[in-house]
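A.B. asks: What TrEMBL records for this protein is below:
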- 12-31: transmembrane segment (TRANSMEM)
- 59-83: transmembrane segment (TRANSMEM)
- 95-112: transmembrane segment (TRANSMEM)
- Asp122: active site (ACT_SITE)
- 144-164: transmembrane segment (TRANSMEM)
- Asp148: active site (ACT_SITE)
Amino acid sequence: MNTLQRIKAYQRLYVIAALIFVFDQVSKWWIFNNLVINEDFITIIQDFFYIVHVGNEGAAWGMFSGHGGPLTLFAAVALVAIYCFRHSLQLKHSLVQILFGMMIGGIIGNAIDRMVHGHVIDFLDFHFPFQIPVVLPNGHYPTFNIADCGIVIGVFGYIIFSFLHPEPESGSAAKRS
(Lines of atoms letter the chains of each structure in order from A and count residues from 1; the text may use other names and numbers.)
(Lines give C-alpha, C1' and ligand atoms only; values in the text may rest on other atoms or scores of the structure.)
Protein backbone atom coordinates (compact mmCIF):
# COMPACT_ATOMS: atom_id res chain seq x y z
CA MET A 1 0.00 0.00 0.00
CA ASN A 2 1.53 3.33 -1.01
CA THR A 3 1.41 6.51 1.08
CA LEU A 4 -1.62 7.98 -0.70
CA GLN A 5 -3.59 4.74 -0.25
CA ARG A 6 -2.63 4.67 3.45
CA ILE A 7 -3.78 8.25 3.93
CA LYS A 8 -7.05 7.54 2.15
CA ALA A 9 -7.62 4.32 4.15
CA TYR A 10 -7.38 6.25 7.44
CA GLN A 11 -8.77 9.61 6.34
CA ARG A 12 -11.62 9.63 8.88
CA LEU A 13 -9.13 9.06 11.70
CA TYR A 14 -6.90 11.93 10.50
CA VAL A 15 -9.79 14.36 9.98
CA ILE A 16 -11.40 13.66 13.38
CA ALA A 17 -8.01 13.80 15.17
CA ALA A 18 -7.27 17.15 13.50
CA LEU A 19 -10.73 18.55 14.34
CA ILE A 20 -10.52 17.54 18.02
CA PHE A 21 -6.95 18.87 18.26
CA VAL A 22 -7.75 22.22 16.61
CA PHE A 23 -11.00 22.77 18.53
CA ASP A 24 -9.22 21.85 21.78
CA GLN A 25 -6.23 24.14 21.18
CA VAL A 26 -8.31 27.10 19.96
CA SER A 27 -10.61 26.85 22.99
CA LYS A 28 -7.61 26.60 25.36
CA TRP A 29 -5.91 29.54 23.61
CA TRP A 30 -9.03 31.64 24.22
CA ILE A 31 -9.20 30.57 27.88
CA PHE A 32 -5.47 31.24 28.39
CA ASN A 33 -5.75 34.73 26.88
CA ASN A 34 -9.05 35.81 28.46
CA LEU A 35 -9.39 34.26 31.94
CA VAL A 36 -6.95 34.54 34.84
CA ILE A 37 -6.04 31.06 36.07
CA ASN A 38 -7.93 29.99 39.22
CA GLU A 39 -9.68 33.39 39.45
CA ASP A 40 -11.91 34.40 36.54
CA PHE A 41 -14.99 32.51 35.41
CA ILE A 42 -17.95 32.92 33.07
CA THR A 43 -21.37 31.78 34.21
CA ILE A 44 -23.14 29.83 31.47
CA ILE A 45 -25.96 28.36 33.62
CA GLN A 46 -26.08 29.70 37.19
CA ASP A 47 -25.17 27.08 39.82
CA PHE A 48 -24.58 24.44 37.12
CA PHE A 49 -22.15 25.25 34.27
CA TYR A 50 -19.19 27.63 34.26
CA ILE A 51 -16.22 28.37 32.03
CA VAL A 52 -13.12 28.66 34.22
CA HIS A 53 -9.33 28.53 33.82
CA VAL A 54 -7.69 25.72 35.80
CA GLY A 55 -4.19 24.28 35.43
CA ASN A 56 -4.29 20.50 35.83
CA GLU A 57 -0.83 19.07 36.50
CA GLY A 58 -2.16 15.51 36.55
CA ALA A 59 -4.18 13.24 34.30
CA ALA A 60 -7.95 12.71 34.33
CA TRP A 61 -9.59 14.12 37.48
CA GLY A 62 -6.20 15.39 38.67
CA MET A 63 -4.76 11.90 39.22
CA PHE A 64 -0.94 11.68 39.19
CA SER A 65 -0.63 15.43 39.80
CA GLY A 66 2.90 16.73 39.42
CA HIS A 67 3.97 13.95 37.06
CA GLY A 68 3.77 15.85 33.78
CA GLY A 69 6.92 14.29 32.30
CA PRO A 70 5.81 10.69 32.73
CA LEU A 71 2.30 11.58 31.55
CA THR A 72 3.72 13.11 28.36
CA LEU A 73 5.85 10.00 27.85
CA PHE A 74 2.77 7.81 28.42
CA ALA A 75 0.91 9.85 25.76
CA ALA A 76 3.74 9.24 23.27
CA VAL A 77 3.77 5.51 24.08
CA ALA A 78 -0.03 5.37 23.64
CA LEU A 79 0.24 6.96 20.18
CA VAL A 80 3.01 4.54 19.15
CA ALA A 81 0.95 1.59 20.46
CA ILE A 82 -2.10 2.70 18.46
CA TYR A 83 0.08 2.82 15.35
CA CYS A 84 1.74 -0.54 16.01
CA PHE A 85 -1.52 -2.34 16.79
CA ARG A 86 -3.66 -0.55 14.18
CA HIS A 87 -4.55 -3.79 12.38
CA SER A 88 -5.72 -5.67 15.48
CA LEU A 89 -7.63 -2.58 16.68
CA GLN A 90 -9.93 -2.82 13.62
CA LEU A 91 -8.94 0.67 12.43
CA LYS A 92 -10.26 -0.08 8.94
CA HIS A 93 -13.80 0.19 10.38
CA SER A 94 -15.22 3.73 9.97
CA LEU A 95 -16.60 4.01 13.51
CA VAL A 96 -13.31 2.81 15.00
CA GLN A 97 -11.45 5.45 12.97
CA ILE A 98 -13.75 8.13 14.39
CA LEU A 99 -13.28 6.87 17.96
CA PHE A 100 -9.50 6.60 17.66
CA GLY A 101 -9.38 9.98 15.91
CA MET A 102 -11.10 11.46 18.97
CA MET A 103 -8.59 9.75 21.28
CA ILE A 104 -5.55 10.77 19.23
CA GLY A 105 -6.68 14.40 18.89
CA GLY A 106 -7.25 14.55 22.64
CA ILE A 107 -3.98 12.84 23.55
CA ILE A 108 -1.98 15.23 21.36
CA GLY A 109 -3.93 18.28 22.61
CA ASN A 110 -3.23 17.54 26.28
CA ALA A 111 0.40 16.54 25.58
CA ILE A 112 1.00 19.89 23.84
CA ASP A 113 -0.41 21.68 26.91
CA ARG A 114 1.94 19.79 29.23
CA MET A 115 4.94 20.67 27.06
CA VAL A 116 3.99 24.35 26.54
CA HIS A 117 2.37 25.30 29.88
CA GLY A 118 3.61 22.62 32.27
CA HIS A 119 -0.02 21.65 32.91
CA VAL A 120 -3.22 20.94 31.00
CA ILE A 121 -5.67 23.83 30.65
CA ASP A 122 -9.10 22.70 31.86
CA PHE A 123 -12.13 24.96 31.62
CA LEU A 124 -15.49 23.12 31.48
CA ASP A 125 -16.82 23.20 35.06
CA PHE A 126 -20.07 21.49 36.13
CA HIS A 127 -21.82 21.55 39.51
CA PHE A 128 -24.74 19.21 40.19
CA PRO A 129 -27.48 19.57 42.84
CA PHE A 130 -26.84 16.01 44.03
CA GLN A 131 -23.94 13.90 45.26
CA ILE A 132 -22.69 10.48 44.17
CA PRO A 133 -20.01 8.92 46.39
CA VAL A 134 -16.59 8.76 44.67
CA VAL A 135 -17.84 10.29 41.38
CA LEU A 136 -19.52 13.48 42.69
CA PRO A 137 -18.83 13.57 46.43
CA ASN A 138 -19.73 17.25 46.69
CA GLY A 139 -21.78 17.62 43.50
CA HIS A 140 -18.81 19.10 41.61
CA TYR A 141 -17.53 17.18 38.60
CA PRO A 142 -13.79 17.69 37.99
CA THR A 143 -13.08 20.45 35.48
CA PHE A 144 -12.14 19.17 32.01
CA ASN A 145 -11.56 20.25 28.39
CA ILE A 146 -12.32 19.29 24.77
CA ALA A 147 -9.32 16.92 24.59
CA ASP A 148 -10.62 15.06 27.64
CA CYS A 149 -14.03 14.70 25.94
CA GLY A 150 -12.35 13.20 22.87
CA ILE A 151 -10.32 10.75 24.95
CA VAL A 152 -13.22 9.63 27.16
CA ILE A 153 -15.76 9.29 24.33
CA GLY A 154 -13.17 7.51 22.18
CA VAL A 155 -12.14 5.04 24.89
CA PHE A 156 -15.64 4.18 26.09
CA GLY A 157 -16.98 4.10 22.54
CA TYR A 158 -14.25 1.67 21.51
CA ILE A 159 -14.91 -0.55 24.55
CA ILE A 160 -18.60 -0.73 23.59
CA PHE A 161 -17.70 -1.34 19.94
CA SER A 162 -15.32 -4.15 20.96
CA PHE A 163 -18.08 -5.94 22.87
CA LEU A 164 -20.60 -5.52 20.05
CA HIS A 165 -18.15 -6.36 17.23
CA PRO A 166 -15.48 -8.75 18.52
CA GLU A 167 -12.56 -9.25 16.17
CA PRO A 168 -12.94 -12.50 14.21
CA GLU A 169 -10.62 -15.27 15.35
CA SER A 170 -7.68 -15.96 13.08
CA GLY A 171 -5.25 -18.80 12.63
CA SER A 172 -5.60 -22.45 13.51
CA ALA A 173 -8.01 -21.92 16.44
CA ALA A 174 -10.59 -20.43 14.07
CA LYS A 175 -10.17 -23.31 11.62
CA ARG A 176 -10.78 -25.92 14.32
CA SER A 177 -14.09 -24.48 15.49
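In case you wondered, yes, glycine gets a Cβ from its N, Cα and C as well.
Just so you know, TrEMBL annotations never went through curation; they're auto-generated.
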A.B. asks: Could you list the residues of the same chain, at least six apart in sequence, whose Cβ is under 8 A from the Cβ of Asp122 (active site)?
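C.D. replies: Result: Val52, Val54, Gly55, Asn56, Pro142, Thr143, Phe144, Asn145, Asp148.
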A.B. asks: Across all the protein chains here, work out how many other Cβ atoms are within 10 Å of the Cβ of Asp148 (active site).
C.D. replies: 22
A.B. asks: For the transmembrane segment (95-112), what are the same-chain contacts with Cβ under 8 Å, counting residues 6+ beyond its ends?
C.D. replies: 10, 12-21, 24-25, 28, 72, 75-76, 78-79, 82, 89, 120, 145-151, 153-155, 157-158, 161
